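J.: Annotated domain 'Amidase' per TrEMBL: 85-553, in sequence order. Summarising the annotation, TrEMBL assigns active site, charge relay system to Lys134, Ser209. As annotated by TrEMBL, substrate binding site applies to Leu183, Ser209, Val230, Gly231, Gly232, Ser233. As annotated by TrEMBL, active site, acyl-ester intermediate applies to Ser233.
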Amino acid sequence: TCAALALLGGSVAALGLWKWLGTKRIQKKMEEARRTRDEGLKKMAKAVQQFREQVPSVQTDAILSLPLLELTGRLQEGSLSPRTVLYTYLEKALEVTQQTNCLRHFIPECEEQLQEIERRKEKGLLYGIPVSIKDHIGHKGQLATCGLVQCLGTLMEEDSVLVKVLKRQGAIPFAMTNVPQSLFSYECSNPIFGQTLNPLNPQRSPGGSSGGEGALIAGGGSILGMGSDVGGSIRLPSSFCGLCGLKPTAQRLRWVLGLPPNPALLRGSVPCALGPMARDVDSLALCMKALLCQEMFQLDPSVPPIPFNEEVYSSSTPLRVGYYDTDGYFPLPPCMRRAVRETRHALQAAGHQLVPFSPPRIPYVMTELFMKTFFADGGRTWLDVFKGNIVDPGLKPQVNSCKMPRLVKKLLALLLKPLLKDVAMISTCRSVEEMWDHHHQVQVYRSQFISQWQELQLDVVLCPVLGPAFTMGYPRKLLAAISSTMLYNVLNFPAGVVPVSTVTEEDEEELKLYQGCCDDPWDRTLKQAVSGAVGMPVAVQCVALPWQEELCLRFMKEVETLSRDR
């Protein structure tokens, strides 16, 4: 008996030592990654300093204040040099990341790209424009980490198609931005590179998963960024940071190369879309025009060869606009509903026709279509990406939910639905047959939604987006709050966000009376998440049918113009 106990004790001690050594290995890898990042930023700062010494008379503020269209014009005519613009934005990006921790890595190859475009006779549409890109968008010689330790050892062997096309159009990718671990979160934190803050208020989240992009652009450190969106990951940071962002139809742009399997990206029935983020709608349109070129269609024949339709974007024909201010599943704060109401009135006054629209069966879409896409296997594939990783605190609630036995989840969903809606949402497919049926149900829902849209003869839809920016730590408590954006991932419709207002004192007073669906703990958590946000951006969401990005952008431009005139 004593020998057995000694053997058991020795085994437990050995297991404990093995786990401790594993954790130390992980921590060492993370420290090395942070050190590499910091060394890169120091090189960036040194290069900026050398440029400042060589060209001391640069009008930094004047360059940073130029809208993208004006900046491209100045670069094309030669009154500004690509070198001056690049180093001006490098300097500002360093300043912004010191305040917000938004950069994951500086791209030293930007100097080579600068020299390359200076040699070229032909100037692309984005000639000399510094562009930031989200962590997982493949750039040769750089990591694509998704905030995961197992991705730290593999450098990209070539540029992704998107980066190749950006470079062909004369853009200069100069920085990669931070993301939440595994990308499956609308916070922006991972154990390797840490927490990104909102530049408008450091106590608030910049949103996610393109949160590093949101923070960098909103802080003025980038004029154009590329993000990705599978549940709102372009639109939520745009809403939280006061930016314009477009999620195109997923297949309109080619997105990434060479990534490790990631369930937040590789889900067939709810595909990941890649799109631009910027300070105004014209910037998004220019970016789409530049990307939808022959180079894109040749590099990836699976992208439909549909060039940007300038005629649709420039049209002034009155639109028939469907609208709603709540999806019936997750009531948003008063300021977000006010934004839809005021925008609706402004559109009506401008001669557009407004038609009430009610999106069908959102609770069903959220639980049975969206969440089942990601957790069809009970979350096992997603949990696999955390092997050999320290789990970020922002993901622990979801990770713990996935680890529960299926029967426990069922009981919790039944008994505590108002309290634990996120647990209730994790439904699974128990067979291949059930998985095929799930794919079929997504297609059926899309068809029904399009039929309802066409019966009302709508051109576009105006609706709310989640906001204003949550206080740090709250997104992890409210995963289901993304229903406003998630819907258009399931549908695979182009959808964009435009800031139209800011939170007022009156909004704060109304928030005190907010009860959500039934004033349950879930509704009260949302109230806590958004309270005290006076002055923070308030946005609306604009939607069009698949492949109609130009119409979506045209509608966004109209909303932007009317909001600025108010």
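The backbone N, Cα and C atoms fix where each Cβ goes, and this holds for glycine too.
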J.: How big is the Cα-to-Cα gap, in Å, between Gly232 (substrate binding site) and Lys134 (active site, charge relay system)?
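T.: On Cα coordinates alone, these residues lie 14 Å apart.
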J.: Work out how many Å separate Leu183 (substrate binding site) and Lys134 (active site, charge relay system) at their Cα atoms, rounded off.
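T.: Leu183 (substrate binding site) and Lys134 (active site, charge relay system) have their Cα atoms 11 Å apart.
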J.: What's the CA to CA span in angstrom from Gly231 (substrate binding site) over to Lys134 (active site, charge relay system)?
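T.: Cα of Gly231 (substrate binding site) to Cα of Lys134 (active site, charge relay system) measures 16 Å after rounding.
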J.: Among Leu183, Ser209, Val230, Gly231, Gly232, Ser233, recorded substrate binders, what is the largest CA to CA distance in Å?
T.: 11
J.: What are the non-local neighbours of Ser233 (substrate binding site), defined as same-chain residues 6+ apart in sequence with CB under 8 A from its CB?
T.: Leu183, Tyr186, Gly208, Ser209, Ser210, Gly227
J.: Sorry to bug you, but what's the C-alpha spacing from Val230 (substrate binding site) to Lys134 (active site, charge relay system), rounded to the closest Å?
T.: 14
J.: How many other Cβ atoms sit within 10 Å of the Cβ of Ser209 (substrate binding site)?
T.: 35
J.: What mean pLDDT score does the domain 'Amidase' (85-553) have in the model?
T.: 92
J.: Ten-angstrom check, please: count other Cβ atoms within 10 Å of the Cβ of Gly232 (substrate binding site), all chains counted.
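T.: There are 31 of them.
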